[in-house]
Amino acid sequence: MDQISETSRTIIPGTFQVSQDDITGQIGLIWQQTKAPLIVPVLKVMVVLCLAMSIMLFVERVYMGIVIVFVKLFGRKPEKMYKLEPMKDDVELGYSAYPMVLVQIPMYNEKEVYQLSIGAACGLSWPADRIIIQVLDDSTDPAIKALVELECQRWASKGINIKYEIRDNRNGYKAGALKEGMKHSYVKQCDYVAIFDADFQPEPDFLWRTIPFLVSNPEIALVQARWKFVNSDECLMTRMQEMSLDYHFIVEQEVGSSTHAFFGFNGVWRISALSEAGGWKDRTTVEDMDLAVRASLKGWKFVYVGDLKVKNELPSTFKAYRYQQHRWSCGPANLFRKMAMEIIRNRKVSPWKKFYVIYSFFFVRKIVAHLVTFIFYCVVLPATVFVPEVEVPKWGAVYIPSIVTLLNAVGTPRSLHLLIFWILFENVMSLHRTKATFVGLLEAGRVNEWVVTEKLGDALKTKLGGKAPRKPRIRIGERIHLLELAVGAYLFFCGCYDLAFGKNRYFIFLFLQSIAFFIAGVGYVGTFVPTS
């Protein structure tokens, strides 16, 4: 044994036979040698870039805050900005004086919510011979497909003009289904089309409150209502989503409608405007935003009616929410890449509107907002605790994010007490949004990945049956998210270093944020749905 030991000492180089202290010392030496010439300059540049992005976001938020105050104080409601003549019966023409309306409901394996959406669409108040309900079913599950078809037949037996349409492929996903739906011969007689996702439940008076805008104002292409979330109180994650989306609708959509008659989502379309803009395209995962931008470049105007609410469902499982946020972050970035030069070269809209669409709508809200949230607050700011030579001014580290956060909270006053949780959760989600934004800008990997957001409807209540649920079996592989755990570990290490050696006093934020990443990393976010 002694001979073997001696032999091993001669074979193994001496450089590998170092003590733990020597390894630590070598690492420290490498750090000291690279810090001044490399790490400090790079970190300083990153801080400057992040501060610049923070200022962009801050100015944008303050601008929107000023506009929304002006809108509320001076009552610039759509009813005052545009002509709005209520629909009236014509003695001679009768109901034929009313425009023909098509209602499209695209769906894909929507077992839990298909009855709700079809029932709500069939319950819309409008002359029966002037409305067509079109269910575009791309379901791949034969059982679900049969249920949807049966539901359509049930409503047809009640006298509702409802069409059940299927196709033999899923090319283009939702955009492809909507495009195919517009090709049917009976659509040619329609003037307007309302699109509702499978979880949307419009109120019966929805058409009476939207169609008059289109009839009275030939320059308007789209009328959009506000979303109302039926499951916002289901869990803490849905409350966080409500805070973000309420700000989007109450502030961003209202500002876009009031100042530039532009925003990026669906509602009731004038079919002639939809056709002039080139119809539905499946080149990105945000087909509605794509169509809205193209229609706006043709000179069409959009109206947002904030007083009109349409019920829909928020994703309540973390898996579903992550997929949705990937699509909502990747799609706009990819669309910006595809359309930036087209917007710049356009001659039908004013330079001010082009600036608004390129800079405010796309660059700041869809790209900068995601990048600065993750890169600055979860990467660069924590890294400064190791490099005391790099300082982040207090206005950039504290004041600007605090003001931006408070401005965002105005949309949901009832959730002000959850503000800290919202900040931590948004920082966690910024990891996925940033990754998706780069995927969209670079057209890499999952750029055109389309995963339909899972809707639960009343499934959770049904499965639990009103009884206390049994402790579910947790499949570790499905609940563990390595990226979140890695970022959480990085933030925790930064917090420990700052507590022990630093002077920045960021450790409280770093520990809280690392805990949020750890919780997301082990899957304890959102609702758990029993499989049986």
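Cβ atoms are placed via backbone N, Cα and C, with glycine included.
Under the heading transmembrane segment, TrEMBL lists 45-74, 355-377, 397-425, 480-500, 506-529. For 192-382, the entry in TrEMBL reads domain 'Glycosyltransferase 2-like'.
Remote same-chain partners of the transmembrane segment (45-74), defined as residues 6 or more beyond its termini with a Cβ less than 8 Å from a stretch Cβ, comprise 250-252, 254-255, 258-259, 360, 364-365, 368-369, 371-372, 375-376, 380-381, 384, 390, 392-393, 396, 400-401, 403-404, 407-408, 410. With a threshold of 8 Å between CB atoms, the same-chain residues lying at least 6 positions outside the transmembrane segment (480-500) that come near it are 378, 382-383, 385-386, 428, 431, 435, 506-507, 510-511, 513-518, 520-523. Across the residues of the domain 'Glycosyltransferase 2-like' (192-382), the predicted structure has a mean pLDDT of 93.
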